[in-house]
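Annotated features, as they stand in TrEMBL:
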type     : residues  : note
TRANSMEM : B:25-47   : transmembrane segment
TRANSMEM : B:118-135 : transmembrane segment
TRANSMEM : B:147-174 : transmembrane segment
TRANSMEM : B:181-199 : transmembrane segment
TRANSMEM : B:211-227 : transmembrane segment
TRANSMEM : B:239-257 : transmembrane segment
């Protein structure tokens with residue numbers, strides 16, 4: 001069964017443009033110029049019920065705009081979209097009761113009260129029967145291991161704990177489709193793992209259809225078989241993640257700051273140089289060669305070292321550059 | 001429309017949220033004795049210097065003092081910040097939640113406001129009684145009927161005031177960050193809502209016009225009832241006009257909201 005059917009969805013914004021400076025500010029009072037921004041352009045795809053799909057793209061690629069249209073916040077400029085048979089932006093109650101949108105950077109809980117109070121309000125808003133409410137809540141609280149935090153005021157929770165509560169609040173009414181916008185942003189690893197596990201469980205046990213955006217490649221790799229890559233509002237790729245990212249799971253980036261210049265050849269002997277800005281160098285190194293690479297760095301005039309996962313932006317850039325991506329409409 | 005159980009839940013949750021700030025609210029209120037004393041000294045001096053000031057200003061000395069004491073108290077009970085909150089939500093895109101959930105923004109915030117005012121009322125009842133008792137020599141003791149009518153008018157003014165400022169906040173849909181516009185509007189309203197001084201000190205023309213505007217019903221009208229400056233007939237008419245304005249603003253707010261949301265949906269948050 002198709003849960004989400006998007007056809008030729010397009011969203012153009014008018015954004016006011018303003019030159020820098022005071023004079024320009026005064027001018028803009030009298031004649032405001034607008035620039036048309038093409039946030040999403042002729043996007044089409046179908047998502048089956050029970051799928052988890054990753055929406056990938058760099059900042060400003062149109063991910064959030066897409067999510068906002070799918071959840072009914074924005075009207076498209078043209079095109080059609082059906083989510084569970086509803087047109088999202090008509091915002092019918094039955095539609096709203098069967099979806100959830102969880103944004104990593106927004107707070108929807110009552111700040112001074114324990115999260116349990118916010119859950120009780122959601123119970124009323126969504127008309128959740130007592131039995132379902134307790135069952136679902138207990139189940140989720142167990143998976144995320146937050147039972148002891150239910151009575152702590154939200155303001156006293158850590159970011160990770162708060163996000164877990166946000167996610168419980170979002171899943172409480174057993175939505176059939178859930179939009180997760182950066183659910184793990186800024187969280188520590190333990191919380192990231194816990195939330196990832198939770199999403200996987202909800203998907204497999206309750207067949208929840210999920211669209212996920214994330215800055216962490218690990219989230220996407222752990223959860224999504226299928227990804228849709230967007231760039232500048234258009235769809236670049238739609239298909240198996242394994243086709244685009246097979247060789248990214250086992251490499252890491254080592255960023256180093258050098259005290260003085262070092263020859264390229266020396267750096268290349270440690271790992272593949274993927275970025276160089278005079279004294280700032282980024283190396284790509286296979287995961288199992290990290291210890292040796294670190295050892296070799298010891299002989300260089302290194303001021304600072306940072307090891308990180310490959311950011312999604314780079315994955316996309318590289319896949320684009322390598323021509324792996326085919327545009328399939 | 002929100003169900004009764006949803007309204008009840010929002011109301012009780014807000015009561016709990018308010019309880020967290022209870023001590024702060026009560027202590028803040030007690031400090032009203034400072035401005036109250038100030039008004040007592042000020043108006044005693046004014047009335048002493050000019051023996052027949054009472055007849056010129058249209059109020060006896062206790063009436064005048066009571067007027068200002070009550071504006072201080074009523075501002076705590078009626079005043080809202082919903083315009084700022086709403087404007088902020090529009091700019092920051094925090095409205096999203098209300099577009100994704102089957103929850104009315106107006107209903108949610110109106111209920112929260114009602115709960116906030118209710119809890120403030122219960123917290124402030126004792127301190128207000130204490131203050132009124134301490135200064136009983138200087139202020140008017142209302143008749144039971146006037147006190148009851150004052151309470152009724154104040155209830156209506158809580159609703160009216162909320163809707164007026166809610167409408168003001170909705171301007172954010174068209175103007176974006178509207179801090180200056182809102183500050184200007186608030187200052188203008190405060191001139192003719194009776195919160196700064198009795199409107200009877202203004203030229204007659206303004207007073208007559210103001211009778212048909214919504215603003216004087218926020219503070220001026222209820223307080224005049226309390227100090228016994230309105231007749232049964234003007235009270236009846238006033239309550240009627242106030243109710244009509246509540247209906248008008250409710251309709252206005254609904255229209256602004258749906259138009260604004262269309263714009264929001266087209267432009268993005």
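The chain as shown is numbered from 1 upward.
Glycine residues also receive a Cβ, built from the backbone N, Cα and C atoms like all the rest.
Nonlocal intrachain contacts for the transmembrane segment (B:147-174), taken as residues 6+ away from its ends with a CB within less than 8 angstroms of a stretch CB, comprise 74, 77-87, 90-91, 106, 109-110, 113-114, 117, 181-182, 185-186, 189, 214-215, 217-219, 221-223, 225-226, 235, 238-239, 242-243, 245-246, 249-250, 252-253, 256-257, 259-261, 263-264. Between the transmembrane segment (B:25-47) and the listed ranges B:118-135, B:181-199, B:211-227, B:239-257, the one holding the most Cβ pairs under 8 Å is B:118-135. Through the fold, the transmembrane segment (B:211-227) approaches residues 59, 63, 66-67, 70-71, 74-75, 78, 140, 142, 146-147, 149-150, 153-154, 156-157, 160-161, 164, 189, 192-195, 198-199, 235, 238, 241-242, 245, 248-249 of its own chain, all at least 6 residues removed from its boundaries and within a Cβ separation under 8 Å.
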